[in-house]
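Now, the feature entries from Swiss-Prot:
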BINDING   Gly10, Leu11, Asp12, Gly13, Ser14, Gly15, Lys16, Thr17  ATP binding site
Amino acid sequence: MPGLFLTLEGLDGSGKTTQARRLAAFLEAQGRPVLLTREPGGGLPEVRSLLLTQELSPEAEYLLFSADRAEHVRKVILPGLAAGKVVISDRYLDSSLAYQGYGRGLPLPWLREVAREATRGLKPRLTFLLDLPPEAALRRVRRPDRLEGLGLEFFRRVREGYLALARAEPGRFVVLDATLPEEEIARAIQAHLRPLLP
């Protein structure tokens with residue numbers, strides 16, 4: 001059986017990690033093989049610390065994310081899919097397009113060109129976008145990292161970027177209101193996923 005690749009996206013504080021864990025538990029309870037992973041750090045764990053703590057140019061930041069993603073795809077995601085697992089990634093390429101493209105202002109054609117090589121063209125079957133107003137996201141974040149310290153206007157651009165990506169690929173994106181209760185969001189994710197499960 002071929003695997004299934006799912007991603008969760010959204011601003012920090014939107015509940016992605018919580019929902020990724022809930023989704024993994026839901027699928028495991030049905031006896032489905034699941035691989036839960038995340039970016040950054042899914043391919044090169046030491047890159048995560050560097051990305052979240054060092055002052056970097058937007059270009060260097062994106063290239064480091066891309067190096068991590070290339071290894072993540074090669075070492076984790078593709079083998080998981082080949083083994084027939086449901087691979088759930090807490091962030092993937094759309095995070096870079098939203099944060100480094102829309103947020104930091106890097107040109108989207110260049111980002112996509114680098115991404116094509118790093119991901120080997122691999123796209124998720126479904127991406128759950130947990131949409132949250134930036135004001136609420138900043139209130140929810142406990143210990144801001146370097147990126148979270150960029151301010152409200154930055155996160156408004158990132159949110160608009162995510163929504164633009166979702167509008168461009170309505171067949172892949174499921175936009176969910178991240179202000180809803182956790183349980184309600186989990187049920188909505190499960191409902192959208194059921195038609196894809198054998």
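Along the chain as shown, residues are numbered 1 onward.
The backbone N, Cα and C atoms fix where each Cβ goes, glycine too.
Apart from Gly10, Leu11, Asp12, Gly13, Ser14, Gly15, Lys16, Thr17, the ATP site neighbourhood in this chain, defined by C-beta within 8 angstroms of the site C-beta centre, holds Leu130, Leu132, Ala137, Arg140, Ala178. Across the binding-site residues listed here (Ser14, Thr17), the residue whose Cβ sits among the most other Cβ atoms within 10 Å is Ser14.
Counting every protein chain shown, 24 other Cβ atoms lie within 10 Å of the Cβ of Lys16 (ATP binding site).
Cβ neighbour count for Asp12 (ATP binding site): 20 (other Cβ atoms within 10 Å of its Cβ, all protein chains included). Residue environment of Gly15 (ATP binding site) contains 22 other Cβ atoms, counted within 10 Å of its Cβ in all protein chains. Take the binding-site residues Gly10, Gly13: by the count of other Cβ atoms within 10 Å of each Cβ, the lowest one is Gly13.
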